[in-house]
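I have placed the structure first, in the form of structure tokens, so that the comments after it can refer back to it.
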């Protein structure tokens, strides 16, 4: 029953007109759907339309070209561990040096010369030693000191590399975060040391140290692929050969330096003991002297090699120490300076690096299968690296050891060229003469001189 009080006949609505429902509102900047179903956006398709959305287009292109890094990319698994171990490396190395400086002050604070000093001064000295280990220098009206203790630098780098290797970062970002956790507190310490020291070389050395650790640690992890920078995805063969030869020559030079240093220690052992007993260092003082020797051990090795190749070293203005000439003077009572030669030995030690280079070249002449042009290119690059590395070593092993005549300490500049001539050139010549192609051409030339047919002669291949 209807509301009108009776039954109503069903009305046929098939002929009635129908009206579409209101379309939903579209977001601003989007066009009307076309017949094909694609959205018509007058802002992107028609630049003259007043409803265009050029800011949205530019924003989309920017995001497409430079996608926003995700949290998983910037902070991959293992990042927190790498950050903690990087910071821990700085804390351990810095605290060890500073605590040793404070302990030394505590031991000798009762002396009259130390009466006006406090533990804050010892803390400042320890921080200065840490900065000096990275290349900082001291220069004022009364004191000049710039001889870097590279032994401490290598120790810090070893700790940093070992810590980040244990962290096993899952991506380059994690490794970079660990290195940054080491660099930031290091630069804070350098900022405090800048009140008295020149620290910009230390900032540069710390960056070089971080890049070196990144390379050494990263290349041993699964995600590393540093060879991708080369066109074929693999290093060039001549470049790989240069790397192997440089490693062998470095180990050979290190061995010769150690032997030369041991010889000097044996000959100067008595004088070293006399200096040691005259200082009366005690237990703590003896530990400090031994640690100081270890801190400057890389520098002393470079000095030994400089003496071995000929030009020698100078320890103070007007002094020269070479195999054929010794001009000495008053030296500070430092025990390891007793290892310096007291008299010339003659120029025969110069034959040691030459003979060593020739023997090494003979052993390695048949250890590769590169063509002769690639071998020559590899050796040219090797000699260039030796020349540049020699400049860096002589610069790092030179500096100021104090005021006055000790302002000139380290290898003489001619050491670089003498080292390349004594080691690099004989090695390169021997390696070229031992090449298989050179041997074949020499045999053909000898047969041509003798009037024989080289192709008719029996041949044999020897694998040495």
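Note that Cβ sites are derived from N, Cα and C of the backbone, with glycine treated the same way.
Just so you know, TrEMBL annotations are computer predictions that nobody has curated.
Taken from TrEMBL, the feature region 'Disordered' applies to 1-54.
Per TrEMBL, transmembrane segment is recorded for 82-105 (among others). Residues 114, 117, 119, 121-123, 125-127, 129-130, 133, 152, 155-156, 159-160, 163-164, 166-167, 169, 174-175, 177-182, 185-186, 189, 284, 288, 291 of the same chain sit 6 or more residues outside the transmembrane segment (82-105) yet have a Cβ under 8 Å from a Cβ within it.
According to TrEMBL, the feature transmembrane segment maps to 147-167 (among others). Taking Cβ pairs closer than 8 Å, the transmembrane segment (147-167) reaches residues 78, 81-82, 85-86, 88-89, 92-93, 97, 129-130, 132-135, 174-175, 178-179, 182, 205, 209-210, 212-213, 216-217, 220, 292, 294-299, 396, 398-401, 409-410 in its own chain, all 6 or more past its ends.
The feature transmembrane segment is assigned by TrEMBL to 174-193 (among others). The list of residues near the transmembrane segment (174-193) in space but at least 6 beyond its ends in sequence, with Cβ under 8 angstroms from a Cβ of it, reads 75-79, 82-87, 89-91, 94, 124, 127-128, 130-131, 134, 136, 160, 163-164, 167, 199, 202-203, 206-207, 210, 213-214, 217-218, 221.
Note on the transmembrane segment (199-217): residues 131-132, 134-137, 153, 156-157, 160-161, 164-165, 172, 175-176, 179, 182-183, 186-187, 190-191, 193, 226 of its chain, located 6 or more positions outside it, place their CB under 8 angstroms from a CB of the stretch. The transmembrane segment annotation in TrEMBL covers 199-217 (among others).
Per TrEMBL, the feature transmembrane segment maps to 248-269 (among others).
Sequence annotations record features per position, and here TrEMBL assigns transmembrane segment to 275-297 (among others). Tertiary neighbourhood of the transmembrane segment (275-297): same-chain residues 100, 103-104, 107, 133, 147, 149-152, 333-338, selected by CB-CB distance under 8 Å and a gap of 6+ residues from either end.
Residues annotated as transmembrane segment in TrEMBL: 304-326 (among others).
The transmembrane segment annotation in TrEMBL covers 346-364 (among others).
What TrEMBL lists as transmembrane segment is 376-395 (among others).
Summarising the annotation, TrEMBL assigns transmembrane segment to 415-434 (among others).
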Surrounding residues of the transmembrane segment (304-326) on its own chain - C-beta under 8 Å, 6+ positions past either end: 253, 256-258, 260-261, 264, 337, 340-350, 352-353, 394, 397, 401, 404-415, 418-419, 422-423
Segment-segment contact (the transmembrane segment (346-364); the transmembrane segment (248-269)) at 3 or more Cβ pairs under 8 Å: yes
Same-chain residues near the transmembrane segment (376-395), Cβ under 8 Å, at least 6 residues beyond its ends: 238-239, 241-242, 245-246, 249, 302, 306, 370, 410-411, 413, 415-417, 419-420, 423-425, 428, 431-432
